[in-house]
C-alpha cells in the first residue's frame, strides 16, 4: 500500500466518522426536540419550586428554569428592556399590578392567552383581577392572575408584651379598627418602648392607607394625572405625616439591608404586610425568631397592595408550551400551592374557598390562620386603578415622606415637591 | 523623538555611515516592498487600538450625540427634536443638583486622597523593614471589588448600627443620619473612594520619587534644608508630571462616580441618591433618566454633558497644575 492510498483511506475513514458523528448529533437533537426549556422570569418570591417539579414530572420533555430578581424595583426596568428590545424575556414573565397598565398600552408584546384556551378560565379568577389584564374590548388577555396582595398587619409579640399591649391576635386586631386607632396604639407603644419603631417606614403605611382610599390614586381612569386634585391622596399624606410627627417610624427604608435585618433584630414592632410579604419576613427573621412574629387584621376595611400576573411575551419561541405552563401555575391548584409555599394569596375564588386555604395556619407565625385573615381582607376588596407611571410616582412620594421623616423638609414643602416631581415625570 | 526609534531606511543609514556600502545589485520590487514595510508597518501595529477605539469609543460617543437630539424612548427613535433635550436639561434642577453633588464629592475625594498619597509615598520611600510588603499592602484596596467596598462602608456608616456612629457615641456625639444630609453622605462616599484609591496614587508617586537623583537631597542636606523643606522643594517639583497625571485621572474617575453612591443609597429607589437626591451623582442621574425612566434621548444629553464637564475640568486642571511650578 503506497503512502498515497493510505492517506486516501485515512481521509475516507475520517470523513466517514465525521458523517457518523454529525448523524449522531442530528439524532440527539431529534430526540431532544421534545426537550423544551421554559424560562420563567420572576421577582421576589412566587413559591413555584414544587409546582415546577410536578409539572416537569407530568410533562416529559419540558424543563423549567426560573430566573429570579429579588427587588421589584430592579426587575421592572429589566422587564421593560427585555420587551422593548425583543430579547431576554424568556417564555413566561411575571408582571406586578403596579406596572401592568403600562404594558396594557402595548398588548402586542404579549401572546393573547385567549388563543391558548384561556377563554373558559375567567371564572377561575376574581372578576376585577381578570379584567385588569384584559384589553377594554375584551378581545385580548395578556396575563393570568397569580396572587392578590391581601392585606394583613404583622407584629412582634415579644415587643408588644414588653410595651404592655395585648399579644393575642384577636385582641391586637381590636386595637386598630381604623388607622386613627393604629396611631393611638403606636403612641402607647412608643411611650413604653421609645427606642423601637412602631412601624418600619412611613412609606409602607402610607401605601397601605392609599390603597384603601378609593378606586384610583395618582391617575384617573383616563390616565390623567390627578395627584393634586384627588383629595384621597392628600388625606392619606396628611395622616401619614401625623404618624411621622408622633415619632412612630423606625425610618428604615423598605428593601434595604437594614430593613431585612430589622425583622431579625426587632427594630420595628409592626409592619403592614400584604400576604406575599410573609415569605419575606420568614426568610429575613430566620428560624430563631419563629413564633415572635404574628399576623392580624389590617386597620380599615381590607385592602390590596400588589399582586401579580403571568404573561407570555411574543418573543418566546415556545409560546404554546409557555401558555400551558401559565395556565397550570395560575390554576386554582397552582395558586393554592403557591399560597402554601409562600403565602401568596390566591386570586382564584375556588382557591380562596378551598379548605386548604381557608384552614391554612402558618406555623412560622404562631399558627396564625392566615387563610382566614387574608380571605376576609380580600372579600372587602375594591380594586384600585393604577396608572402608567404609578410605581415611579410612588417612589417619588415615598422619597418626599422620607425627607419629612429625616426632618429635612416641612410636610407642606415635601408635598409640593412630590406633586412637582410627579408632574415633571408624567409630562 | 519617535523618528529616532524607527529603523532607518537603508539610504539614510548609508549616508550616516562613514564608508558607503556597495550598492545592492537588485534594487527591484523587493527593495520597494521593504521600504514600504519600514514606512508603513508601525501604522499597522497601532491599528488595533484605533479600530477598537473607533468601535467602542468614538462610535458610541457620536451615536450618543445623535440619540440626544431625538425624542428617543424604549420603543426606539422618535422624532428629531434638535437641542430640546439640552434646553430642558439646562433648566432641570435635578441635573444641576447632581452636578453640584459630583463636584462636591470630587473635591472631598480627590484633595485629601492625593495629599495622603503624597505623604504615604514619601514614607514608603524611606528605608523601612519589609518595604516590599508595605508597598504591596497599600495596593490591596484596589484589588477589592467596588461593590464589596460599598456594602461594607454602607454598614460602617449605618445610622442605627454603624461603627462610625458607635465610635461617635463613645465621645457623646449624637448619632448621625449619614444619608440625610449632603455633607454627611458626601463624606461617607468620599471615604470609600479615598480608601480605595490612596494606595494606588501613592505607588505612582513612589515610582516617580525613586527617579529623583539622590544628590539633590544630599546637596540640600549640606545646605541645611530639613526633611519638610526637602519634601516641598525637591520631591514635589520633581514628581510634578506624576501629580498632573493623578489629578487628571482622579478628576475623570470622580466625575463618573457611580457604584459607591448607588450602593450607599437604600431601598428600591436607590438610584435617586437619597430622599432629596443628597448624593445623586451626575452619572446616576444619567442612568435614572436613560434606564429607569427610559428617556434615552434625555439620558444621552446628560451623558454628553458629563463628557463636556470632564473635558473642561481636565483642561482647567492641566492649566493649573502646569502653571504652579
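Cβ from N, Cα, C; glycine included.
Checked against TrEMBL, the range among B:281-300, B:301-320 recorded as transmembrane segment is B:301-320. Among the ranges B:4-25, B:70-91, B:136-157, the stretch that TrEMBL annotates as transmembrane segment is B:136-157. Looking at the stretches B:103-124, B:169-190, the one that TrEMBL records under the feature transmembrane segment is B:103-124. Taking TrEMBL as the reference, the stretch among B:40-63, B:208-231 described by the feature transmembrane segment is residues B:40-63. Panel annotation: around the transmembrane segment (B:301-320), residues 61, 64-65, 68, 85-86, 89, 95, 99, 244, 247-248, 251-252, 255-256, 282-283, 285-286, 289-290 of the same chain, lying at least six beyond its termini, place a Cβ under 8 Å from a Cβ of the stretch.
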